[in-house]
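Below you'll find the structure, written out as structure tokens, and then a few comments.
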């Protein structure tokens, strides 16, 4: 059977008190609505339609062409929002998930179980429910003797007995697609808010004698919608806890899980140790037996097995096996370190490649450079790559030795096994096995004072 999805993302989110569209607020470094789309994609949903409102262009910029869109120009209720998807999905046959774009904690496993329960019961509608310790404000699920849903009662309409029910409506549903759009045509807005409510479809299906099923999520926490900054912080904490526990079960050591932040797309090898203050975000891969942290920030980067990154910032870069980075180093914009390299304190590397065994241990800037194998860059050595208009390349070949406080004025090449004396400013190429000295001879005046 084909599965489709409608993602409700048109709400203004006024309680967030933000210029940023509500569903674009990040949880674990990723917009909330992107979490929802990713889980549905993992599930194999055939088509996803995102209902957008006044922030449509911002949502499209984030999600791109991976989904389809329908515009709800006026917010006239959840039923009206889903109806906006009819031009896209109205003729399809199958099951349609309706999910809110502000539910970043929902997992593909729960949604899969919901779809499976829907199929097994033969229901036309299946509601995702949860058991809440405090159900205040939520619609209550009233089940019949057969275990199916008898009705959903809003909190304000519930009697004393119904208020004791802890099973609540989460706002996530599966509908038979054809029934959904036919029933939406019958939904009225004769209520206090003057809106078209999606749960009214359940009443219509029930009146037609259809089965209304319910499937309970394993935790209430997974189903929460984020409507303000308090809930956003709660979702962040829950996501971090879930992610960290997953990696701990995969053999990764967290010295202090509460202060370690791992993004949802990060991959970590076994026997790696993460120290406090570590952030791993974006499409980052960490190998096995690595040491990361304390206080390291790594984004969209690859770290190979047995590498060490301490108190450093790494962005869009690659670190080779058994390489050592830090403390207080900065790798960015396609920095690539080979095996057994060393980048030490207060060294910045940008758009540069270090061959195996090469090192820059202290106080250096290496930009737009190609460094061979077993090269030593002395303390304070700088690749001078920018003339105010253009960037230029520096090449340092295998086994070269660059002394302290050397300026390499690009474009320039230092040949294999060459030596550049400390304090030199090099403007011309240095040949293989050559020695370059580019500094004033010392003048000493005895008895000057």
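Using the three backbone atoms N, Cα and C, a Cβ is placed for every residue, glycine included.
Taken straight from Swiss-Prot:
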type	residues	note
ACT_SITE	362	active site, proton acceptor
BINDING	8-11, 22, 72, 77-78, 139, 154, 169, 227, 332, 350, 365, 376	UDP-N-acetyl-alpha-D-glucosamine binding site
BINDING	102, 227	Mg(2+) binding site
BINDING	385, 386, 422, 439	acetyl-CoA binding site
REGION	1-229	region 'Pyrophosphorylase'
REGION	230-250	region 'Linker'
REGION	251-449	region 'N-acetyltransferase'
Write out the long-range same-chain contacts of residue 365 (UDP-N-acetyl-alpha-D-glucosamine binding site), meaning residues 6 or more apart in sequence whose Cβ is under 8 Å from its Cβ.
347, 348, 350, 382, 383
Max CA-CA distance, Å, over listed acetyl-CoA-binding residues 385, 386, 422, 439:
22
I'd like the Cβ neighbour count for residue 22 (UDP-N-acetyl-alpha-D-glucosamine binding site), meaning other Cβ atoms within 10 Å of its Cβ, all protein chains included.
26
How many whole Å apart are the CA atoms of residue 169 (UDP-N-acetyl-alpha-D-glucosamine binding site) and residue 422 (acetyl-CoA binding site)?
72
Express the predicted model's confidence over the region 'N-acetyltransferase' (251-449) as a mean pLDDT, rounded to an integer.
98
Taking Cα atoms as reference points, rank the binding-site residues 8, 22, 102, 139 by distance from residue 385 (acetyl-CoA binding site) and give the first.
22
Below 8 Å Cβ to Cβ and six or more residues apart, same chain only. Which residues does that give for residue 422 (acetyl-CoA binding site)?
378, 403, 404, 405, 406
Could you check the binding-site residues 77, 139 and say which one's CB has the most other CB atoms within 10 Å?
139
Which state, by DSSP, holds residue 362 (active site, proton acceptor): helix, strand or coil?
strand
What is the separation, in Å, between the Cα atoms of residue 332 (UDP-N-acetyl-alpha-D-glucosamine binding site) and residue 102 (Mg(2+) binding site)?
33
